[in-house]
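Pulled from TrEMBL, these are the features on record:
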BINDING   G22, A23, T24, S48, S99, M100, K101, T102, R134  FMN binding site
BINDING   Y164, R180  dimethylallyl phosphate binding site
DOMAIN    15-183  domain 'Flavoprotein'
Amino acid sequence: MPCPTPAAKANSVPRIVVGITGATGTLYAIRILQILRALEVESHLVISKWALATMKYETSLTEAQVRALASVCYTAKDVSAPIASGSFQHDGMMIVPCSMKTLSAVRTGFCDDLISRAADVSLKENRKLVMAVRETPLNDIHLENMLFLRRAGACIFPPVPSFYNRPETLEDMVDQTAGRMLDQMGIFTEGFERWEGFQWNKKVEEDRPKAAVGYS
């Protein structure tokens, strides 16, 4: 589908690059794109071939609907795109989810597609790079690649859900993780519950109606 072309960066408008690869977890990327759009943050989107395949299993949104959430979008093979160059100014990149293949490509500098190239550029330009790596269990190769990239400046952020906020829906879990990922980019949203220390009285009050109607 045709995509809008990028304009020169305005100092007052944050600009974030988002890459979606073929690991499970496209719901996180979709939620991040929705939040960025609501906050009027300029987003530049790249979706890999296998991300498009995985997306069909994980969401009812079409490719066109997901792309429409971004300010600008590119094809994964377009390594001539602006985000492939360090001269293109942006405030950081997020790969959500990040497959082990993409992790390996970035670690070795074997950047044969736009996502890995844009990530490589982010590192060399000392910009933020968040990698939501998704695999389990992890072998020695996975762990060594993550450690190498962490030492190179990337933020390794496995999408691990929290339960202290007592999520009631899948959306609650996605919102919390997406919000924490955006924290790493310096974009703060109050769309999820943040930890404020133990609040026993609050939890007791929340639990009473459930106990009254027979919930364990």
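Numbering starts at 1 and runs along the chain as it is shown here.
Cβ atoms here come from the backbone N, Cα and C positions, even for glycine.
Keep in mind that what you see is a predicted model, and the values were worked out from it rather than measured.
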Arithmetic mean of per-residue pLDDT over the domain 'Flavoprotein' (15-183): 97
Rounded distance in angstrom between the Cα atoms of R134 (FMN binding site) and R180 (dimethylallyl phosphate binding site): 16
Max pairwise CA distance, angstrom, over record-listed FMN binders G22, A23, T24, S48, S99, M100, K101, T102, R134: 15
Cα-to-Cα gap, K101 (FMN binding site) vs R180 (dimethylallyl phosphate binding site), nearest whole Å: 24
Listed binding-site residues (T24, S99), ranked by Cβ neighbours within 10 Å, top entry: S99
When distances run from the Cα of Y164 (dimethylallyl phosphate binding site) to each of the binding-site residues G22, T24, S99, the nearest one: T24
